[in-house]
Structure formats: structure tokens, C-alpha cells
Amino acid sequence: MPFRGRRRQSALRGLSLAATFCLAAGSSGISGALFATPAQADPLPTAAGLSINSANLTVEVSADFPQALSYTETSSAKHLSGARTLASSITINGTDQPVKVSSQKADAQTVNYLITPNNLAGVSLDAQLRVEGMTLTFKISKIKDTAENRVNNLQIKNQDLVTVSSQEPGATVASAVVSVDRAVSGDTITNLSSTTALDPTAKRSMLAIAATDQLAAGFETNSLYDSGNTIGPSDQGKFWRQALADGTGADGKPAVKMAVSSGAWLYRSAGSDQTEELPWSKVVISGDANADGKVDWQDGAIAYRSIESKPAGGDDVKNRVVTHIPFNFASQATHPFLRTLDDVKHIALATDGLGQMALEKGYTSEGHDSANSDFGGNFNERAGGLTDFNAMLSGGSAYGATFGVHINNTEAYPEANSFSNDFVDPTKKGWNWLDQSFYIDQQRDILSGSQQQRIDQLRSEAGPNLTMAYVDVYYESGWKSYRLQKGLKDAGFSVASEFATAMPANNTWSHWANDEKHGGSNNIKAGTQILRFVDNSQRDIWNPDPLLGTSHIVEWEGWTNQNDYNAFLKNIWGNNLPVKFLQQQQITSWKSRSVDLTGGLKVTGTSLADRVISQQGVPVLKGSNYLLPWSAAPVSFGSGAVNDTTQNKLYHYSADGGTSTWQLTPQFATASSLQIYKLTDYGRELIGSVPVVNGSVTLTAEANQAYVLVADASVTTVPADPSYGAGSKVKDPGFNSAGLKDWNATGGAAVERTAQGLLVAKLGQGSSAISQTLGSLDPGSYSIGAWVEIEPTTLTVTPAGGAPISVTVDQSGAENFVASDEKRGTYFQRLRVLVDIANAGAPQLSISAPAGEAAVRIDDVRVVKANKVPTTGILSENFENTDQGWLPFIKGDAGGQTDPRTHIAKLNAPYTQKGWNGKTTSDVLDDTYSLHSHEENQGLVYRTSNYTLPLQAGRQYRVSFDYQASLANQYTWVSGYDSGKNPVQTASTAIPVATDTTRWSQTLSAGSCGPAWVGLQRTGSSGGAEFSMDNLLVEDLGPSAETPACASLSLTSGQDVIEQGQTNTFSASFSSSEAQSIAGLSVALDLPAGWTASAATPATAATLPAGGSLETQWKVQVPADADGDYTIKAKASYQTTVDPIGSRSATTETAVYTLPKPPTKDTYASDMQWIGTPSNGWGPVEKDQANGEQAQGDGPPLKLGGVTYPKGLGAHAASSIRYYVGSQCSAFTAVIGIDDFQKLKGQAVFSVLGDGNSLYTSPVMKGGAAAQTITVPLNGAKYVDLKVAISGANNGNAWSDWANAKFLCSAPVAPITLQPTLSVPTDSLQPGSAFTVRVDQLKSGSTAKAELHSDPIDLGSVQANNDGVASFQVTLAQDAPLGNHQIVVTGTDKNGLAATGTVDAQIKAANPNPGTGSNPGTGSNPGTDPGTGSAGGNSSGGGANGSGANGTYVNGSGGSFGNGAGMDAKTGSNSASSLAETGFSGLVLPLGIGLMLLLIGAAAIIVRRHRHS
């Protein structure tokens, strides 16, 4: 068929053109689709004499192309095939280029090649094949190109480094990629056979191994892809393989072969003139490397280690037994660098010197997520700056500790020195917490040299014991990732990252892999046996394994609120030490229930609970009990580190405790006895000596307690004197030494170990003190303080030759809410004095308390150089020299015990200031620093205390400060007092918008109810709420004329938003803290004009007892025209009943806003106001960007199916967003799906609800699946909820996009005119008739009513079904009025609007002489002018019976075979079609002619038979 042939030719031509286009357009990258089955050539003959060889290996190579044809092991003469087809082209810039090749054998081991593309003038490549040992290396040593013909990338797709075939026994190709879905292995092991499926295109992997039963081969390459190439992520395109037909095997079955080739090489990135490393690949050949009597992929994996490009710092991994995260955040400096050094020493003593990696999160600027794109040059001064940082590094090395830092090369914050309009893209927002970050232009960063300069600056400034760089939130792959890794590696850093998939070439530690709270089971650790076989000791990124285990991190230094040192230690002993013991050796054989390793190690079992680890045949671990040999030599880290691995001590641990007997390994079995030490906070504690009997020892252990055993007591690991406080001017500032040996303690003061295992000093119940002569201080001002859990306590500093300076406090209601502080949840706060040292010398420090039952605890004494702020009042603060924290303010309860969103902001004009990138306010108001709150959590943001700002009872004060506020009524200035441990708020004043620096001034009187305080509260919930403060001044105005109330008053709204024209509820809560009862209590509201209120419950009380409360519910009527934001105030007034008797009042106010006006045109959901605050599974819901992280505005662009959407909502399951549309919108439209950012991860179910009723529910939407476009009728809903539900076991990665979300509201929706219908002709009704009235387009579940008019007769009420249909079953009464009527139906239409519809109805008298035909007619159109005859004719066939027509005609439907189209009642003619179609409805029948009746009956039968034949 020529036509079909032409169509096929056209289709093929289209495919060819499409492929050509892809090749041309893909010049800057390699597409996976381009590796189709290559053209096959005849098998290559071995070129005589063209072979190269080492002492171990002979390789036959092609003279016509740099391909190995075969490998022969010299000692065994065993053989492995190389290429079986001749390559004749190289893919350059995505296009296959035919080439000419010449070759020359340079020496016995080397052949050189010159490769010249036929069609690229001026381009040539020098290449080489060289064999050394058991390894063949292919490399391109030179690329020559021209400006017109640049070589950007290249690939030899069918170089076929090794080929195995199903014709060879044991033919296998094992490959691996990094899979972080715990349920999905990253391994593919292909055992080639005649049934192996052929591959239409190549498959790719990060690692590949080929084997037969003779030899195995491992491969390495520097394959690299440009960033943005889909093959690049997780280095999954390093190796290509493809199952192809290989003729017919000896058994007559089809044979299948598979070859392994390198992936593509990148020479120049798109837009770059810089060239990358020249391409190379390697093949290493191996026999039975693990001596298990067979050759398989595991032998190739062992051999691969000899050519592997190992991760930088990989050799350090096995000695990083203890990983911990000292955390500094938001200017709090809770872990100064010298404090961390002491913690490192403390851990070393508790673990007898196990190797540590201390990862500093917050070493820059104001701490974590502050200017962390500044790798160097911006060290956290409040934590000690560069000097103390390097002291920490150098001091930690003697205790087996090395350090890492948390850097960010994805996002930058405006405060960073590196920040600029060129450095970032100001339109792309990133993480948003303390500040809004912006995504770095990484290509420019690389090409400008900025990235490497920042790396080099860190390397040059920090000491050599900084060995690791943890790269946060790094998503890039390919070239950008390679250049960052290379820069860090060249600078001597090992690489770690948040994700196990990031930077896989060098990633040695993944946070999500070690801390299982992150990521969910489908995005957490690397699940691949092959990669772990190779690199088990080089990385900590692995899935849990029942034999090998996996490393974990359990924190205690404030990261993610963790503060349990006991749990930290338990993780070391119960999990990490056995993992690291196995990592000391390399895996050699891995079976389902056993793993063999070098060093004589073997693991057997089925789970961690029953596994046994043996060394040299001796069990050293049984389940959760062990006696592990270890080296006592201090460990060192970094490039060139050499560690003594001699096993000369033993670690003993039993999870449950008890007595156990252990056979000793040969190193210890000959000893006569072993010294056993219990490990404590202070190091080794000698328990005694245990005899060695027949090479065994019997030990008794406490549960979860670690011990060390040595044959020689002189074998130690940790220095005897830890010298706590070195460099800090305070000896043992954290009370880590036993017995307060560096302090003068009196009155029973001692060290206490808290329930979390933290060490503090505790003063005795009698008069008690601790004191110390500090280190010598140079002249100047100093802040000297300590963390104190306060009851009456005095901190005194006496300078040498000077007068004592002290501060005394007796109580505090200020709970510690700082999540980064181990003391969170307690009432520890920092107590300090500012001291001027006139003459150099050593001051005396004393912390004392009088006798009392309440405990006083002390920790972290610190001396910091400071500058006093001059004041004209009792206190001034300009935040220019704050030593740590936000003094005089401390964090309040906003967000609870969490990381605050307030910090001391640093000027970096113009980026931190008003006007840049749409900023409406400045972060910094004066000089260099201001206190800045960024979109803070609701609650008390910060407050003073009686020791940061002492306010005396009975005096009046003025508090003033400079401020800017981006929005009105988002923050309030509050004051109150502490009643015991409970802060009581007594006054609140909303802060108006101020986009220029404005002076705030307010007076308050301090009462006798408790210590007075002032502070900032976040009351609003709007995004973009900024508040900056500077130049705080507190002045004493003298005695107060008023006595403040000892009471609190709060006011809350009972609804998210105020509904206009409706009654809204408010609740006022009054609580008295007066010492005695009060009288005449009255609570009143102060409302905006036009608003009215009535108390639904009592608002007055004649008396109220001490500590009593009054709750008043208010009904507030809001005018229909109210619109916008309002402030509702409340005031409580009462009289005291004991001295001082008088009137008291407490006030408060709350900000509310009214329902937005419903849209009147099509409106994007992201441009509309939410009702309340949406709930969301991760961070906040985002507008016009995807979900992002924990802060507003930190998501990437919305992207579904490769399409970027500028408008929409970014949510995360489980999520709920409410809108008010006021029945004015007909439909909601959106494109829904899981954002492309999550790739194949995440799943969720979307739904739309109107007024609480389900309108739409999606199927399960999964990452990587196609998005869906939805249009949902709203059926008149007033409120619309957009919900996303969790699908599956967890909601990890469920970034749920409502892209292009829009409400269709182009015009006000008019009520639908209902169209009721009857089940019978409308003029056929008679008294007593039964019929159905049906009406549709109603709102599902609504009630409709029917009436007969004009004399209304109720026909009933019916509820519409799910399809919006109501059916009324009606039977007319016998006395129903005759004549013309209307049936009127009223109800609610599908849009929720009141609707009406009518249908005419005629009720006639019953026919006194009805026809008797057996099949009465049902014609739907009996004519419009009926005759007057009294009866119709009879029909015995299929004819019809006229119901009152003139006797000159019959109207009918012709029985069951067709409907009459109606007839003219006067002429009897029928205007319809054929006889069969009209059913004789127009046939004239003269009266009295019976024959005709018979003919009609017969004809009806005939026609009926014809219709159904």
C-alpha cells in the first residue's frame, strides 16, 4: 500500500531529523538517548606483535584505535576479552565524528595514538594506552582545537574496555549507583545468559565491575558531565554498559555480550574558557583476590581499590569514632571555641582517647546560617574569633580530635562579606531564617576565581587540624560539584555534606545518613552493597546492615535541641565503636550471613542482636557485648597522618551488664593479668586487676558502662592533665575536673552531674561560695560572667588593687528558651559584671550564695574583652560590642525552646539596608550593628530580666530606642513582672509601621509584684514582618505616682479573621497576682468606631480572691463595611483591699483583620489573603515558589514536569490552606504534582473542599510522575480549602505544588434558572394523577421545594442527590383545581445561590368514556388544537388511543417502535417522516371502517418485525 509506505517513510525521516537536531543542539552536553546500539563491525583480528605488557599482564591492543582487545594474566595465562568491535568515531560535543587514527608503539608498555576527526578542521587528540602491573591506563594527553572548533566534551561510546559474554562461564557485570531509598538497592548484578534481555540503549552507573570465572576487571575514570546534564547527578554516568547480541553460543542458544566503557568527559563547561583535566580511564585485572576458590565481582572490587580515585580524607573515616556538633546560632555563642576545646578534652577522657570529629556549625559571623558563604575572614567573634578558633584546633590534636566546619556554597546571606549582586541572583531566594538568603551564581563564582579564593582563605587562616569541610544543602552535580570538590581536596579538606547523594566522589560523611531524623526512609542513606564493599572504611554514608552496622550521630551540644550527654555516650559505646572497629579493615568477602575482612576479622549472624565479630578466630563481640582490641596510640588526622595501629588496649562494654568470659586475641593472651579501668567523666578509674587464665579473662560490667583493659598500666592515650580553660583566663571554667580542684570551694560547694550527664558547680545549702584568681588581664574593660541558675546569688570581681564590683540577683522568671544551649528548659541565665582594669594584674572572682534550701548552679565562667557603652541613664546599649547573646535582652517563649529568628545584624550596605531588592526597612539602623528580628515566631521574642536591667519597685522609668518596622501591628512592646518562675504581662502596645528610623519612647512604673521587665512580642502572622532596634536607653524618672497592677490581662479572638456583618467572639482573661483579694473588678473592651460588644459571661466581679481569675466571653458585632486591620483593646480595673489600697488597672490589646473582600475577577491564589495561617508538613506554605525549608520565602521556583510556573503555592504534606471567595467564584484551577526538585521522591494526595464538602480528590501524586491539570467547580462555596494529605508511611519530600492556582471569578455568579420537567405530558394531568417532577443543577445535599400555583399547593420537599438532582413523586388530589397552572420549584443551585424554576401544567377533567385499546398512545406531541370528539378509537394492535382528539384521526406512537412527531389537530396530517418512524400518528382513519382498523393492526405488526429483524 503506497500510502502506508509513504507515511512510514515520513515518520522515519522525522525521527532522523529529530535525532540530528539533538546531536547538533546538544553540543554542550551528552544525552543519554544518544547511546543507541552502535554499528557493529566484524570481530577484530589480533594484530601481530601489537601488544604491550608488564611483568604481570599482557594486553593485545588495536593499531587502528586506542582499544584493548584482550588481557592475559602472565602467571596463570588466564584471559579476559577487551573490545570485540572496532571503534571508528568519537562523540565530540554530542556529535559522532568519524576519525583517522595513527599509532606508534613507544616501548614495551606503551602505544601512542594520534586521533584526527575528519570533519573538524584543526582538531586532534593525542592518546595513549599503557600497562603497569595489572592495570591498563587509557589517557588523552593533549587536545588541540581551534576557536571555530572547540572541544567541549567527548566520549568513546563503544571503546569497550572489557567485554564479557554469556558464552563464557561466570560472565557477570556488577554495577552500582547511589540509591538513598532504603527500599531500593543501587546495585545491578547482571549474570549474562541466553535469556538476558538486550538493551535498546546503554545503561549507566557510578561503578562497574566485569568478571568471568577466569578473571575480573575493575574500572576507574575521570568521566565528568556539565552541570545541568541529567546524567551527571550522583556520578551515575561514569560507566556505560549495554547488553547486545553475540551470535549463537556453543549450545545453539542466542549469546549475549556486555562491554563496559567510560562515560563522557568534560573538557570545557558551557560558557567557560577554562579547561578541565584531560580524559583518562583505567582497567585493573584480577584473579581470585580473596582466595575463596572462585572469581566474581568481589575480586574485581578488591582490585578496584588499587586504582580508585579515593575520597579525600577517606583514610580518616575509620578513626572518626565520635562525631559531634558544637552549635552556635543567632549571636548566642553558647559554645565558644575554647569551651568546645574543653568539651573535646572531656570526651577524650570519657572515651580514653577515641578519635573525634567536631563539626563546627556556626564558626562564622553570628553563628550557624550567618554569612557561611564566607569560608574565611569572618570568624564568629562572639565565640572567640580566629585566635580562639585556632587555639581550639591546635589544642584538640593532643586529644585525638580533628575539626570540620559547616560552609554553604549554595546560598548566601546579605551580611556576608562575599555577598554582592554578582555573587547571587537576587531573584532566587533560598533558606530564610535569621535572614533571607539568595542562591549563589555558582558558575560565575567558579569562573571568577571567587570560590577558590574563599577556600584558600580558609585554608590559610585556619590551622592544619581543620581537616573537613561540610558543604550544606548542596544540590549541584557535574562540573560545578567537581570544581568545588577539587578546590576543597586540593586545599587538604575532606568533604562531607547534608545528603548522601551529594558530591559522591568525595563525600565521606552525610548528615542525613548519620542522623536518621532527617530525610525519611526514601532519602537518607546509600543503599548499595557494591559501593560499601569497596568503600566501607572510606565513608560514613551507609544504610544499616545487620553485620556491618552503620555510624550514627546523637548530639548533646545544642544541635536540633539535643542536650543529653548520656545518650551521646551510649551511642558511642552501643553503636559507633563496633562500626569503627570493622572499618579499621577492608572487606574481602560478603555473603548473606558472613563478612570477611582483612586483619583476620570475620562477622557472622543475621542481625546486630546475634552477630559475632571474631579476630583471628577469637570472638571479640557477641551481640551487644564486646571486648574489642584497639590501639592506645593517640590518633591524628589529615593529609599525611600516620597512625600506630598496634592493638595494646581493650574496650569492654555490655549493654545489659553482668559477668562474661572472653578468650583473648594473641596480643593479650600471653599476659598474666590485665588492669581494668572504668571510664568516667574524669578519665580512667582503676577497678583492679583481672587474671588471664588459659588466655581468657572473666569480667563483670555495669550496664551501659565502658571499661578499658591494658596489660601495661603505662600504656595511656590521653594526657594526664587536661588543663581545662587553657587560653581563657579561667581554670576549669566548665567544672569538668573532679572535686573543683581549680576552685576555692566553701560551704559544701561541689560538682554535680545533671540528669543529662552535664557537669556544673552546685553551691551548698549553707552559706557557700566558689572563687578563683583569674589569669592576668591587661588594662581595659572586660565582661566577666557565668551561667547561673538563680536563687539569691552574688557574682563579685575584685581587680588587683581595686574595689570589688558585684551583681546580685535573688530570683528569675526568665526560662532559658535557647535551643542551642544545653541548659534550655532550665532557669540558667548569664550573670555578668563589666569591669575596668586600670592596672595589669589578676582579678579575684567569687560566686556566692547565702544559706538556703534552693540550689544554686553555675557553669561556663567566661572572661571576654569588652567596651562599655556610655549612658545618660541607668543603661544604654548600641549592640556594637555585645560579648554574647543580645544583652540586656534574653530570648522569650516565641516558638518555644527553638532557634530564634533574631540576631545582632551587621551592616553590609546596600544589601542589608532599605531599598535593596525591594527591602522596605533596614536591618542596621546606626553604626555597624543592630538587633534585628526577621519574621519572628509568635510569642515573646525577647525580654529583659532583673539582672540584665534591674528596675526598682516604686520608681518610674522611660524606655526608648530607635526602630524600624516593616508592617504595622505585627510586633508589640510589652512590659510585665516575674511572679516566681512565671512571667506576667501587664501592658502591650502595638508597634506601628516605620520604614525610616523612628524613636520609640514609653514609660513604665516598677511595682512590688515581682521583678519588672520589658520586651518585644510578636503578635501578627504576616510574612515579611521585620523589626530592628538600636540605641536602647533606659532612664530613671524618679518615684512613681502610680502603683502597677499585680495582674495580667489577655485578649484573644475566637476566629482566624473577623467576619463583617456578623457577631464575632473574643475572650478576655484576667488573672490576679495580688497578695490578697481584690474588689470591684471590671473588664471592658475599647472597640473601633461602629463596633459594639456585649459580655456573654460576667465581665465584673465584686471580689476576687488572691490568685483568682475571670474569663469573659464577648460577642462583638462588626459593621458590614469594616475592612482591614484593627486593634482591639481591653482594660481591667479593680481596687486592692490591703495596703497600699488604691485603684489598679491592667491593659492589653490584640490586632485583628477582617475577611478579605471576595474576588470579582479571575485571581491567582497566591495573590489572595489566606484565612488564618495555613498548616504545612515542613516549613511554611510558600507563595509563587516551591515548599523550601523552614522559613518563609526560601523555596526554589515551582517546577512540574520540567515546566517552571511563576505563580502558585508550594506546600508539603500534610497541608491545609483556606480562602474566602464568598460564593463569587465558579471554579478553581491548578496544575498539581510533586515538585521536580524532589525528582523521584515524595508522594501526596491533593483535595479541594468547598464549605467543608469534598469537591475534588486526586489520585496519589508521586515524584517524577506527570502533573495533572484540574478544574474544580466550586458550587457556590464561600470558603475553599486546598489540602494535601500524607500518602504512604511518611511524608518525606512531599513538596506539593499547586502551580498556576487560580480562582475563576470573572463576573458575579448569577443564580441558575432551574428547569423542572414532568414525567407525563404537561397537559395530561387529571385529578388523582401520579407523576414525577425532576429538577437538576441543584447543590448536592440541598433541599428543594415544589408548589402548584396559582393557588399554592405544597407538593413536598426533597433533598438533592450527589448529582444535584431532586425528584418529587406527586399524586394530585381528587379535588385538584382544573385549568392551567405552574409548578414552581425553589432551592439552592449548584453554585450555592437561591434559585427558582417553573414548568407549565394543565389539569383536565377525567375522560368519562376512555378508549379500551390495549396499548394506549404515548405520543409526546398530540397537537396544539385538539378536537372536540368525546372518544378516540380502539386499536387492538400497536396503534394508539387518542385521549380526547376529534374522531377523525388517531394520535399514537405506533406501539413500541417509534415515537410520533405530532400532527396537526385540524387536518390530521403528520409532518414527521416515514411510517415506521411516526408510528402512524398521522394516518387518517374514517369512522366506522373496521377493515381499515384491521389493516392498521396488521401493518403495525409487520413494521415492528421489520425494525427488529
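Using the three backbone atoms N, Cα and C, a Cβ is placed for every residue, glycine included.
When secondary structure is read from DSSP and collapsed to three states, Asp472 (active site, nucleophile) falls in the strand class. If you look up Swiss-Prot, you'll see Asp472 marked as active site, nucleophile.
The active site, proton donor/acceptor annotation in Swiss-Prot covers Glu498, and the record cites similarity to another entry as its basis.
Feature annotation from Swiss-Prot assigns Ca(2+) 1 binding site to Asp288, Asn290, Asp292, Lys294, Asp299. Secondary structure at Lys294 (Ca(2+) 1 binding site), taken from DSSP and collapsed to helix, strand or coil, is coil.
The substrate binding site annotation in Swiss-Prot covers Asp369. Classification of Asp369 (substrate binding site) by DSSP places it in coil, neither helical nor stranded. Around the Cβ of Asp369 (substrate binding site), the same chain contributes Phe329, Asn408, Tyr413, Trp431, Trp433, Leu434, Ser437, each under 8 angstroms and 6 or more positions distant in sequence.
Residues annotated as Ca(2+) 2 binding site in Swiss-Prot: Asn878, Glu880, Asp926, Tyr929. Counting only same-chain residues six or more apart in sequence, the Cβ atoms lying under 8 angstroms from the Cβ of Asn878 (Ca(2+) 2 binding site) belong to Val869, Asp926, Asp927, Tyr929, Asp1030, Asn1031, Leu1032. In this structure, Asn878 (Ca(2+) 2 binding site) belongs to neither helix nor strand by DSSP; it is coil.
Residues or ranges marked as compositional bias 'Low complexity' in Swiss-Prot: 1407-1428.
Per Swiss-Prot, compositional bias 'Gly residues' is recorded for 1429-1439.
The annotation motif 'LPXTG sorting signal' is assigned in Swiss-Prot to 1475-1479. In the predicted model, the motif 'LPXTG sorting signal' (1475-1479) shows an average pLDDT of 33.
According to Swiss-Prot, the signal peptide annotation covers 1-41.
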Original post:
Whose Cβ lies within 8 Å of the mean position of the Cβ atoms of Asn878, Glu880, Asp926, Tyr929, the Ca(2+) 2 site, other than those residues?
Top reply: Phe879, Val924, Asp927, Thr928, Ser930, Asp1030, Asn1031
**OP:** Among all chains shown, work out which of the binding-site residues Asp292, Asp299, Glu880 has the most CB atoms within 10 A of its CB.
**Re:** Asp299
Original post:
Apart from Asp288, Asn290, Asp292, Lys294, Asp299, which residues in this chain have a Cβ no more than 8 Å from the mean position of the Cβ atoms of those residues at the Ca(2+) 1 site?
Top reply: Gly287, Ala289, Ala291, Gly293, Val295, Asp296, Gln298, Ser589
Subject >> Between Glu498 (active site, proton donor/acceptor) and Asn290 (Ca(2+) 1 binding site): CA-CA distance (Å) >> reply: 35
Subject >> Shortest C-alpha distance to Asp292 (Ca(2+) 1 binding site) - which of the recorded positions Asp472, Glu498, Glu880 >> reply: Glu498
**OP:** Check the Cα-Cα distances from Lys294 (Ca(2+) 1 binding site) to the recorded positions Asp472, Glu498, Glu880 and tell me which is shortest.
**Re:** Glu498
Subject >> Asp472 (active site, nucleophile) as reference: those binding-site residues from Asp288, Asp299, Glu880 with C-alpha within 10 Å of it >> reply: none
Original post:
DSSP on Asp299 (Ca(2+) 1 binding site), three-state: which is it?
Top reply: helix
Original post:
What are the non-local neighbours of Asp288 (Ca(2+) 1 binding site), defined as same-chain residues 6+ apart in sequence with CB under 8 A from its CB?
Top reply: Lys294, Val295, Asp299
Original post:
What is the interatomic distance between the Cα atoms of Glu880 (Ca(2+) 2 binding site) and Glu498 (active site, proton donor/acceptor), given in whole Å?
Top reply: 34
**OP:** Could you tell me which of these recorded positions, Asp472, Glu498, Asp926, has the fewest other Cβ atoms within 10 Å of its Cβ?
**Re:** Asp926
Subject >> Sparsest Cβ surroundings (other CB atoms within 10 Å) among the binding-site residues Asn290, Lys294, Tyr929 >> reply: Lys294
